[in-house]
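K.L.:
Sharing the record's features from TrEMBL:
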type     : residues                                       : note
DOMAIN   : 7-349                                          : domain 'Kinesin motor'
BINDING  : G101, Q102, T103, G104, S105, G106, K107, T108 : ATP binding site
COMPBIAS : 400-421                                        : compositional bias 'Basic and acidic residues'
REGION   : 400-430                                        : region 'Disordered'
Amino acid sequence: MESASGRVQVWARVRPPIEQDHGPCHAVDCIDKTVRVRNDVDTVERMLAGQAETSPSEPREFAFDGVFGESSAQRDVFMQIGLPVLREALRGINGTILAYGQTGSGKTHSLLHQSAKGEEAGLLPRLVASLFLMISQDVANVYDVEAAAVQVYNEQVDDLLNPDHQNGQGNNLNVRDGGIVTGLNWIRCMKPDEMLEAFTRARANVVYAETKMNKASSRSHAIFQLRISKRERVFEAAKTGQKVECTIARLNVVDLAGSERVKKSGSEGMRFQEATNINRSLLAFGNVVSALAARKSHVPLRDSKLTRILDGSIGGNCRTCLLVCVNSAFEHVGETLNTLEFASRAMRVEVDAKVNTALVEVSAKNLLADLNPEAHEFGKKVMADKKEIEALRKQSAEAAEQAKKEAEKREKAVQEAEGHVKKLQQAAHSQECRPGEALVLRWQLRFSEDLAPGAQLQLRNGQAR
């Protein structure tokens, strides 16, 4: 498998069987970072047509950056996918985490689930808690965190955090290039509880409905966004505002509605229209991924509102992670194979994530707020430690350079002495050398041994002769 740097990273998660599943639930196996799928449906069809033996067909294998089996924990998903993306976002690198798969495969549970039992919390709640924990530990910098949420429902973009959402306000918003939604409400959050409450309110506005395949099927694509800016804390009082450099990152968590076959889901009326729009937008998303994977000059981002919002989040200045969720049941093997084939294509999509910086005007009032006593004292210590570390690094580098020069000087001296020893040996054992001169040469040899320890072996060999 090629290096994950510079491309979309992909993980697969296998949902454990539930009551709605029928027949054997062993069509999917996980081995290390590989998902193995047996398509016994095709084997049965070939047997009926007289084209196959009773032995099962060879399983298909798909290798990814990581695989979560049926017994995997929510924490595992966050630690491998969410935490690295969050750390990069705090450095100013955009991040997007998407969940893709058929309806009822566990996407919403993996990303958004909230529970009184902490171990069952999904990726987004864990991400929020970890974000504010990291911010609280970084007194040397000042952060500004905002949250927003939208859904794409029947090819219409709705603001899930608009105060009058229930009255139709904030619906059918426009999307600009780069995935920017005009008129979107951003809520500034100072504590994790504020952000979790905002996302809980947004989830309550997402359209869900019961189908034969899922009791709470998402009927829209839900996108939860965080905007994180960071600048260094000021430790000296300022009478006027200042322009300071900061990093700005946008982090998206995208819960894609599940693809569904209408015959299986039993969708009718409004549910049928929703399913049609979901499948159409997922098809457009798949076409975008295929075009990016094939490095085509034209990428059809304008074919749906979903792909317009994801402009820049896939194949652009963003670290992108895809979690594909599959159902292990025998009856869903066709959808499982389609999902894993899509995931394999996504791994060929290149990304070019960079640190995003900007100059922002900070008011004197906000600069003054930087100078709270605890942060000020800690900040001074941090800055002093940084200077001390930098000085030690400089001293270490200078010492290393001096040692290198001294070693080269000594090595040269040794080489010259060894050469001199060799010449003396040759002269001392020359048949033409007179006895008196030979004695002088041997004293010179003994003196040269002190200069060239490496020549001792040569001298001993000469004496033996």
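Glycine is treated like the rest: Cβ placed from N, Cα and C.
Remember, it's a predicted structure, so these values are computed and weren't measured experimentally.
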K.L.:
Please identify, from the binding-site residues S105, T108, the residue with the sparsest Cβ neighbourhood, meaning fewest other Cβ atoms within 10 angstroms.
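P.N.:
The binding-site residues S105, T108 were compared, and T108 has the fewest Cβ atoms within 10 Å.
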K.L.:
Judged by the number of other CB atoms within 10 angstroms, which among G101, G104, G106 is the least packed of the binding-site residues?
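P.N.:
So among G101, G104, G106, the binding-site residues given, the one with the fewest Cβ atoms within 10 Å is G106.
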K.L.:
What's the number of neighbouring CB atoms sitting within 10 A of the CB on K107 (ATP binding site)?
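P.N.:
The Cβ of K107 (ATP binding site) has 26 Cβ neighbours within 10 Å.
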K.L.:
Enter the number of other CB atoms within 10 angstroms of the CB of Q102 (ATP binding site).
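P.N.:
Its Cβ shell of radius 10 Å holds 25 other Cβ atoms.
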